[in-house]
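Reviewing the structure listed below.
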Amino acid sequence: MEVEQFVRSIPVITRTIIAASIVLSAAVTYEMVTPLNLIYSPTLVFQEKQYWRLLTSLLYFDKLSINCLFHLHFLYMVSRQLEEHYYLRDSIRYIWTLLRGAALVLLLASYLHIPFPSGPMVMVILYLWSRRYPDERMALYFAFVVGAPYLPLIMLFLSYNMSGGDIQYLQGELGAVVIGHCLWYVSDVLPKIIGFDPTALPTFVTAVFR
């Protein structure tokens, strides 16, 4: 019962993303599908019309493993806080932010030939969180407490080591930091300069989902 209550306490967007990631990891772990069925490939997506890869490649981190739990932990912590506070009663705007981030991450993956851009996607969300909650502190492995502004750099270092020193992976994570910064600047800084958000959803769209 306590587990059910905890799951229900997670906001719906974050809960859906986490659940989908766990399902995909379990499916690969128990050999129901292979990673090749989930990878992002522009050729397979746009020529073979295997559109599910746009989602699966962003949601699959690894088999059920430390690496998978590492990414899911960060994703859960930062996405939950963003959804519960920054995007409180404004879920459609959070979805819109995620869609923009995903589109840019997939473009990055196309350029760098990254089969699973899920790591960079988490980095984008983490970067947005660190900018919007600069005074927050997060415990790493329940031992080290790190300030939000430094967390993207630390995760970059940890992810790079967990990837075995993969330069392509590092490039993807660095590209994700740039994407996160651009999204933050356009959404949070630029509107204060020009008086409006050029990427905001039309008012009638947001009104429908409130």
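Note: Cβ is positioned from N, Cα and C throughout, glycine not excepted.
Annotations in TrEMBL come from automatic prediction, not curation.
The transmembrane segment annotation in TrEMBL covers 12-30 (among others). With a cut-off of 8 Å between Cβ atoms, the residues of this chain six or more beyond the transmembrane segment (12-30) that come close are 38, 55-56, 59-64, 68, 72, 75-76, 79-80, 83, 91, 94-95, 98, 118.
Cβ atoms under 8 Å from those of the transmembrane segment (50-76) belong to residues 10, 14, 17-18, 20-22, 24-26, 28-29, 35, 37-41, 44, 102, 105-106, 109, 115-119, 121-122, 125-126, 155, 158-159, 162 of the same chain, restricted to positions at least 6 beyond its ends. Residues annotated as transmembrane segment in TrEMBL: 50-76 (among others).
What TrEMBL lists as transmembrane segment is 97-118 (among others). Remote same-chain residues near the transmembrane segment (97-118) are listed as 13, 21, 35, 38-42, 54, 57-61, 71, 87, 124-125, 128, 168-169, 171-172, 175-176, 179-180, 182-183, 187, 199 (criterion: CB distance under 8 Å, separation of at least six residues from the stretch ends).
Summarising the annotation, TrEMBL assigns transmembrane segment to 138-158 (among others). Residues of the same chain lying 6 or more positions beyond the ends of the transmembrane segment (138-158) and with a Cβ under 8 Å from any Cβ of it are 70, 74, 77, 123, 126-127, 129-130, 170, 173-174, 177, 180.
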